[in-house]
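Asks: Quick paste of what TrEMBL says about this protein:
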type	residues	note
COMPBIAS	8-17	compositional bias 'Polar residues'
DOMAIN	55-470	domain 'Major facilitator superfamily (MFS) profile'
REGION	1-22	region 'Disordered'
TRANSMEM	55-74	transmembrane segment
TRANSMEM	94-114	transmembrane segment
TRANSMEM	121-139	transmembrane segment
TRANSMEM	151-169	transmembrane segment
TRANSMEM	181-202	transmembrane segment
TRANSMEM	214-236	transmembrane segment
TRANSMEM	285-305	transmembrane segment
TRANSMEM	325-344	transmembrane segment
TRANSMEM	351-371	transmembrane segment
TRANSMEM	377-398	transmembrane segment
TRANSMEM	410-432	transmembrane segment
TRANSMEM	438-462	transmembrane segment
Amino acid sequence: MRFFNEKAQGSPTSSLDHANDRDYPHTGEYDDDLHVECPPHTTERKLVRKIDIHVIPCLCIMYLLAFLDRVNIANANVYGLAKQLHLTGNQYNVALVIFFVPYVLFEIPSNLLLKRFKPHVWLSLNMFLFGFTTIMEGVVKNYSGQLAVRFFLGVFETGMFPGAFYLIGMWYRRSESQKRFSFFFSSTTLSGAFGGLLAAAIGKMDGVAGYAGWRWIFILEGCLTVAFSFVFFFALPDFPEESKWLTSEEKDYVSARLRVDQGRSARERQITAKDVGRVLMDYKVIAAGFMYLGLIVPAYGYAYFAPGIIKTYGYSAIQTQLHSVPPWAAAFGFAMLTATLSDITQKRAPFAIGCICVAIAGFAILITVHNNGPLEYAALFLVAMGAYSAMPIIVCWFGQNLGGHHRRSVGTAWQIGFGNIGGIIAVWAFLAKDAPKYITGYNICLAFTVLSIIACIVYGVGCWAANRRRDRTPVDIGLTEYEKTEMGDMNPEYRYLL
């Protein structure tokens, strides 16, 4: 019996009663005779569409605003932020890097608090706080104030990305997940495009109420985030078992279909320090962190410095903002195309590595070609398309391969937290003294994309070897259902998606 076989990819049918037994007589697809029957008043397709409507739009808008508040400093800098705050030398880079200190440290604690306080409470609270912090960024007077608001922005944004990925993973089967993950993650590309358009418009408010245009970027975008935080307190979804918009039959069915695909989640079980240690002792988990780290460097390098790079091609401030939009839009389209193909083929590694190669091609052009604005601008398309299409595949691949609430909660937070160390590296890769060619920055980004490919190979081979080893092991080795649930994806009956 295979954990991820033809039966799992189709629409299971038959008795729901087995899946609902609270005494854990089965563990999802760990038992070949377990099937799940959709409630008679609906179909699986309709129910998944209902989940899509309630889950994905809220999380996409939430993360769009979070990413917008995080990187709008790049748009603000085009309008003179550094000059008006009298930033000298590498002080602008320090203001960028201080965001990542709490962002890296608090990822795992944030996911633990997400489970304790419920997603709609924890995520909307953090959304209000980072929106308010963004408003404060618009009224800072000096370098010290800029450092303070960037630090607290990192504190309050730390749970947005891993929390949302974790939540999506608790609603969808692995065969359904990549398109949803990529659509959610592509909020970053939409945010980049939206941010460029907003900055071009808001920049014209320069001088209104005595504030410079760059200040209005922070103030208005922060106010938008705060407004949505109140809406999302009521609109954000919790876990399937706690949803208010599903009937009891639908809740049971959604939970059961996930157990068929992923095994029991042990949602009600508290996560301990020993759980964290056990998860981090798995070398595949460490490799997953490096997969993400290798892409964070070029991704944040692009997000924070693309407007400045584009400006060196001879555009005005407003033209720079407008020219920053098309690469983000192209990245969104390419990410959705690769995600769709990945779900159709049920393969992750080939698409992740292929997308990374697209980014490598872009950096190769930027390193070797100079004084050719149109070609260099085209290379930025390749960088954005490759990096921002590979990242959601990598996170989805790893997150959906983790079995159970405790392993998924810790593992996804580790991957995002460790990976975001790359943000610290990225902001020091592109220094003012290296403009306009930024050869050092492009070389650093190229090196880290190669690191990501190597980590993808290590992780993929590890999953393949585990599957092969388990295929050769007798299925019934006397484990109790409690032991299987505790083991999550380490259960010998579990099969990883490649």
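Every residue, even glycine, has its Cβ placed from backbone N, Cα and C.
Keep in mind the model is a prediction, meaning the values are calculated, not measured.
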Asks: Same chain, outside the transmembrane segment (151-169) by at least 6, Cβ under 8 Å from its Cβ: which residues?
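Replies: Result: 55-56, 59, 62-63, 66, 69-70, 98-103, 105-107, 110-111, 113-114, 119, 122-123, 126-127, 129-130, 133-134, 137, 177, 180-181, 184, 237, 239, 395-396, 399-400, 402, 408-409, 412-413, 415-417.
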Asks: For the transmembrane segment (121-139), which recorded stretch in the set 55-74, 214-236, 377-398, 438-462 gives the largest number of Cβ pairs separated by under 8 Å?
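Replies: Highest pair count goes to 214-236.
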Asks: Among 55-74, 94-114, 325-344, point out the range having the most Cβ pairs under 8 angstroms from the transmembrane segment (214-236).
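Replies: So the stretch in question is 55-74.
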